[in-house]
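See below for the structure under consideration.
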Ligand SMILES: Nc1nc2c(ncn2[C@@H]2O[C@H](COP(=O)(O)OP(=O)(O)OP(=O)(O)O)[C@@H](O)[C@H]2O)c(=O)[nH]1
Ligand SMILES: [Mg+2]
């Protein structure tokens, strides 16, 4: 079956700047990190200023010529473009440059493929890869037929394409079924969790912000933390003890990145959905990054795409130990903002307190006397809420407690 070819090449990075120079540079810089993470060697990078991306060749004729010479002079054997190329753009560039042509999406898919550990992660990556490839096969076919038939459009080549297409569709169908099975399993686990009385908080944020480091330092989860992009693909959930004695489930999730390929969002929906079903969103921000604002925006856009709305948001401006200049740390989307360093252990107690506060806000305070024949209700409170005080009086049980809104009606 199809696998992304191993990415051990010496490449030239290519970006197109249509609006802000700063964000294009940052994006290409990030592409460099992605390329390294995927095991490629970066020989140089080229940015072209254009009104818009060239629809046929991504970059203009002159730039193609320039890159052709650079490939030769720098002894490079491939290029990576900073946007997802259309099948036509990819074909044209391949023909013109006679080298391997890759794009940002392919690179991210490749990294994900290397990182997936659980069966769910693996299925999701393969699905995204196949969809990417399927689109390109169709493109290849249409670009061949645009030649008006004839040489190169018939015979074994064409047959092989058709066959690949059929095999790919079949495999996509099978993977989707498998994924549904896994999703059902995940839903069951989630329901099970909700059946328990613990609320959940999902840790989200840009890749490399420090999400796993935070989960580890708080719960000793032992998730891999690494100065690399997309170190985490599979969500991990742990119980976190809060100062007042209550608990919450904390889930570490896959990081976001600008221009996240839609194949991946689609395929990774069930993983990304951890945030959709969480009661609280914990947004970890790398406050030491010069790209902090843009990264935060990407996170909120991605959450919006996933349909995450109207949940309490705690924004953690992380890596305070590394922040040199006093930046204006604000987040209009957040209900609470804190400065922390997951690594240096700064601000973690405040974070716990904030979580507890939010949990309490979602609960109703109750002070009541239950006659003994309603002891069942007190049991419910004990199970679902937080029993602060319980006193056995001659006329009944006097309690003070916080209870979740959902069960208030039953008691
Ligand atoms: N200086 C400093 N480094 C930190 C801090 N928190 C995390 N890091 C580092 O940042 C890098 C990324 O940390 P991770 O926890 O793997 O980041 P992540 O958000 O889980 O990243 P992905 O899983 O790739 O999305 C690691 O090298 C961490 O050691 C911090 O408070 N200060
Ligand atoms: Mg991580």
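Numbers run from 1 along the shown chain.
Backbone N, Cα and C define each Cβ position, glycine as well.
Annotations in TrEMBL come from automatic prediction, not curation.
Annotated in TrEMBL:
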type	residues	note
DOMAIN	199-363	domain 'Hflx-type G'
BINDING	205-212, 230-234, 252-255, 318-321, 341-343	GTP binding site
BINDING	212, 232	Mg(2+) binding site
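In this structure, the CA atom of residue 254 (GTP binding site) is 5 Å away from the CA atom of residue 232 (Mg(2+) binding site). Cα spacing between residue 208 (GTP binding site) and residue 232 (Mg(2+) binding site): 9 Å, rounded to the nearest whole number. Across all of the domain 'Hflx-type G' (199-363), the predicted model scores a mean pLDDT of 90. Close contacts with ligand 1, defined as a Cβ under 6 Å from any of its atoms, occur at 208, 211, 341 among the binding-site residues 208, 211, 234, 341. The DSSP secondary structure for residue 211 (GTP binding site) is helix.
Here the CA atom of residue 211 (GTP binding site) lies 9 Å from the CA atom of residue 232 (Mg(2+) binding site).
For residue 254 (GTP binding site), the count of additional Cβ atoms within 10 Å of its Cβ stands at 25 [all protein chains shown].
If you measure from the Cα atom of residue 341 (GTP binding site) to that of residue 212 (Mg(2+) binding site), you get 12 Å.
Checking the binding-site residues 205, 212, 254, 319 for a CB within less than 6 Å of any atom of ligand 2 leaves 212, listed in sequence order. Here the Cβ of residue 231 (GTP binding site) has 20 other Cβ atoms within 10 Å, regardless of which shown protein chain they belong to. Its Cβ placed at the centre, residue 319 (GTP binding site) has 24 other Cβ atoms within 10 Å.
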